[in-house]
Amino acid sequence: MQPSSRTLAPILVLFPTLKPPHRTLLFHQICVLILTFLAYASFHASRKPQSIVKSVLGPNVQSNLTESRSSLTQVSLDSNATDSGWEPFDGPRGTHRLGELDLAFLASYAVGMYFAGHIGDRMDLRLFLVFGMMGSGLLTIVFGLGYWFDVHLLGYFIGVQIVCGLFQSIGWPCVVAVVGNWFGKAKRGLIMGVWNSHTSIGNIIGSVVASGMLEYGWGWSFVLPGILVILIGVLIFLCLAVAPEDLGFESPGKEFEMNVGVADIETSEKLESEEAGLLHTNNVKDVESSDAIGFLAAWRLPGVAPFAFCLFFSKLVAYTFLYWLPFYIRHTAVAGVHLSHKTAGILSTIFDIGGVLGGILAGFVSDKIEARAVTSIGFLFLSMPALVLYRAYGSISMLANVSLMFVSGMLVNGPYSLITTAVAADLGTQSTVRGNSRALATVTAIIDGTGSVGAALGPLLAGYISTRGWNSVFFMLIISILFAAVFLIRLARTEIKEKLSERKWFTYGIVAQ
């Protein structure tokens, strides 16, 4: 159904040859994937500068570099000579202030996420997405202007971050809802695993740009990503088609419509077997396809709460790395050498490169075994020893640091990517809501909004705990991963029983006959 308030993108109006029958459904699906990929990659690129400039704004590195005479050591000495921090983040409690800055952004992001999904179900997703992108870009630029205006008021930076977080919260429910409109369940995990690499790609772009601009002043590290978000927002306004029905195509999720016949219902139930053990439809009322689902009703949908709380702890870990990894690398000697701000920022992208592979791998595996919870738990349990090894041996050499950081990024981001994309889309289009595509943004917002509360808590805790030593920070992260896995144990057990009873895993060769 196309809401009366939804309009076609100007490019599609000006060039009728872009509509069917001149262009196929596949053509428009690819366009939607590319456009939403660029949109959310730009969102993440504009978030990354805050982590890159931490080592510039915060307390200086206190280290003894006299033992090494290498060129890298000289770079570090030159960097330290110019490090003076930025008030109010340069004092003994500087890391606390930086953690509070993260909290301001991520807390408002989490709160805004719940409302953004609810609003997104009731208005034109294209215009709502563009509104969020324009606001995010402008607020990112405003933060960077603090450099040239010599602003040292903590309230200024926190206020900008709070408003920016609200605008940023609009992005995720919108892009997931749009992609969910265009793609059915088949291969959804793999498709969204590839598509969700926009998070890591955006982080990489933001890290490289922000790190490269540090030598010209940290303000540029915010201004350029802010401009990027605005430019991509213009592209989205001109080109994005929200749903296939807008162009005359049938929805790929047609099997979930309420008015299907008996035979179609049986087909729908067969297609839903992937979530048979995960999504119990008992005691949940059907929702009219013409009405947006209520907030509390969405919470009661089967599987939403466990995955939401799992994501709480998964995002706590992922966002701690997102906001503190460059700072950690800068303040931890690698082979006895403390790296420069620029080198530490660029090196941190290895974690995101691993995250790209992790998201794709998690999506592929979950599609293959048809078990989202089992896949997520597998990645979570493997990530715990990976973090232990990274903390214990990552400082031995550059090769060890890069290798262990890559593996940690792959395992940490795998379940995070899977839950925020394929799982959220599955839960928002399950048979319980009977084709109500307007439930998708609300369910997505609930899952990612709950995860964002954890994302807000993680960097704040890291800022305070890091003063006691980085071993304490890594211990917090490992405990959080354990809790994330605990929330999925019951769902994973149900999935395993279901697949064994259907002997599906025998077919895939997962279990020997």
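Yeah, the Cβs are placed from backbone N, Cα and C, and that goes for glycine too.
Predicted, not measured: the structure shown is a model, and the values here were computed from it.
What TrEMBL lists as domain 'Major facilitator superfamily (MFS) profile' is 34-497.
Among the features that TrEMBL reports, transmembrane segment is placed at 25-43 (among others).
Here the transmembrane segment (127-149) has Cβ contacts under 8 Å with residues 7, 39, 42-43, 46, 49, 116, 119-120, 156-157, 160-161, 163-164, 166-171, 174-175, 178, 217-223, 225-230, 232-234, 236-237, 240 of the same chain, all six or more residues outside its ends. Among the features that TrEMBL reports, transmembrane segment is placed at 127-149 (among others).
The transmembrane segment annotation in TrEMBL covers 155-183 (among others).
Marked as transmembrane segment by TrEMBL: 195-214 (among others).
According to TrEMBL, the feature transmembrane segment maps to 220-243 (among others).
Residues or ranges marked as transmembrane segment in TrEMBL: 304-325 (among others). Residues 47-48, 50-51, 54, 102, 106, 203, 298, 348, 351, 373, 376, 380, 383, 408-409, 412-413, 415-416, 419-420, 423-424, 427, 443, 446-448, 450-459, 461-463, 466, 473, 477, 480-481, 483-485, 487-488, 490-491 of the same chain, all 6+ positions outside the transmembrane segment (304-325), place their C-beta atoms under 8 angstroms from a C-beta of that stretch.
The list of residues near the transmembrane segment (345-366) in space but at least 6 beyond its ends in sequence, with Cβ under 8 angstroms from a Cβ of it, reads 51-52, 189-194, 196-197, 199-201, 203-204, 207-208, 210-211, 214, 321, 325-326, 329, 339, 372, 374-376, 378-379, 401-402, 405-415, 417-418, 421-422. What TrEMBL lists as transmembrane segment is 345-366 (among others).
According to TrEMBL, the transmembrane segment annotation covers 373-393 (among others).
TrEMBL lists 405-427 (among others) with the feature transmembrane segment.
Look at TrEMBL and you will find 439-461 (among others) tagged as transmembrane segment.
Residues or ranges marked as transmembrane segment by TrEMBL: 473-492 (among others).
Distant neighbours of the transmembrane segment (373-393): 278, 306-307, 310, 314, 317, 358, 362, 365-366, 400-401, 404-405, 407-408, 411-412, 414-415, 418-419, 423, 470-471, 474, 477-478, 481-482, 484-485, 488-489, 491-492, 494-496; these residues of the same chain sit at least 6 beyond its ends, with a Cβ under 8 Å from one of its Cβ atoms. The transmembrane segment (473-492) shares the most Cβ pairs under 8 Å with 439-461, out of the stretches 25-43, 220-243, 439-461.
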